[in-house]
Amino acid sequence: MQKIWLFSIITIFLITELQCYPNSAEERLLSYIFDGYNSLIRPVLNASSPPIEVFFSLAFVLLINVDEKNQIMQTNVWPTMKWNDYQMQWDPREFDGIKTIRVPPDKVWLPDIVLFNNADGNYLVSFYSNVVVEHTGDMLWVPPAVYKSSCLIDVEFFPFDEQVCSLTFGSWTFRKDELQLSYLSGKRHVELNDYLPSGVWDLIDAPGLLIDERSKISYQIKIRRKALFYTVILIMPTVLMAFLSMMVFYLPAESSEKITLAISILLALVVFLLVVSKILPPTSSTIPLMAKYLLMTFIMNMITIMVSVIIINVYFRGPATHIMPNWVKTVFLKFLPVLFVMRRPESTEKELAKMKREKRERRSMKSALKTFFKRNDAKISEQPKQTSRKDGSSSEEKLSSDAKKAIEAIEYITTHLTHDNAFKRQREEWKFVSVVIDRLLLYLFFAVTTGGTVGILLSAPNVFEQVNQTSVIERLKQQAAEEMLNS
């Protein structure tokens, strides 16, 4: 019985010992390299050793968003860091030829590389992936990260703008004599092997630059906005409204819709100004290109409303309140109609001719009546003297009195008709002056609007320059490959 108990105890002891002993090469390797390893110590032999060199590269995966209002760029990137830890070396022949292992990042020393121009307080990476360890002591760490970085947005040429946003990485605690950065495999540009093109921005270039004596590395992300969306949604309606406001001068002055149309366009422009103000940052350094054009259109529309009021006032003028100056007749009734190839309505011309003809006829009739009555007076004075002096004098006075009354009546009617026709003629002249002013302002506003549209919208440097994103990505990939070969 005692022998059985002794055999059982020995068997249990042997099984326990076998389970505690590493039964694979990888387990033995991990026990070997972490025996006495301290992840808090910078992997250098002594304090006087040269600074540890961390090789850094950045893989650009996705441009998530550019928030112009808050001046923030959100990106999905893969920062790649490589350094050498002399404590993590082993001979692969002693561990079944194992040359590479993967360990959790909290088990080894990591360089505290963070994004300096962070905008949301999240300086570290979002996911701590495993560290790849080579038997030579080379450590490779590629943690994926989603960064929100601050970016100074230049809205001068919006929506045809280019932006240059930086991603600046560096050690948060180590001095430049303790840690230095270098390009990984000579890659001076971001890697674009896994880049997904954005639907809003085109990537133009993304060079890297070592700064502050190699203690930091800064990548300049140069992007250009795809303006098609804003061209269709914002620019084209604004341009159409700018030219539509000129149609106010094509409406007749007696139309009640002249001012209504101008005010409706003005309200639409106010709405577009509010839309632009919500998109762009409230900066006072520059005025956006689109805001300049909207402001120009807004001012032109305000002038249109004021001038339309003046035109309507001119249209309803008459000789009772306004006497047309000679210079107005010369400019607006003689010179400008010829310049603009304008003719007065035929009815007006016929009416003027009829008025002149009637005036001549009235003058002729008046002259004939005067001659007729003078002859009658002469005949009466030559009658025989037998007629009593009293009767002759009475008859002559009666005839002369009737003639004078008839002449006065004719003169009154003639004067009234003349004044009435003159009143109508002057009213028609004022109406025609308003039509000429409308035509003058139509041409003038068309020239100013066209010139302003071309001058403002075409002042952007990249209006007609199209970006082939596929070609740009291939060019940058090829450039990165050449940098690797030359390193």
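Using N, Cα and C of the backbone, Cβ positions are placed for all residues, glycine too.
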Residue carrying N-linked glycosylation site as stated in Swiss-Prot, selected out of ASN46, ASN468: ASN46
Recorded membrane side (Swiss-Prot) equal for CYS151 and TRP327: no
Disulphide bridge to CYS151 as given by Swiss-Prot, partner from CYS20, CYS165: CYS165
Distance [Cα-Cα, Å, rounded] between CYS165 (disulfide bond) and ASN46 (N-linked glycosylation site): 39
Packing count at ASN46 (N-linked glycosylation site) (other Cβ atoms within 10 Å of its Cβ): 5
Rounded Cα-Cα span from CYS151 (disulfide bond) to ASN46 (N-linked glycosylation site), Å: 40
CYS165 (disulfide bond): tally of other CB atoms within 10 A of its CB: 22
Neighbourhood of CYS151 (disulfide bond) by C-beta distance under 8 A, where only residues 6 or more apart in the same chain count: VAL66, GLN71, ILE72, MET73, GLN163, CYS165, SER166
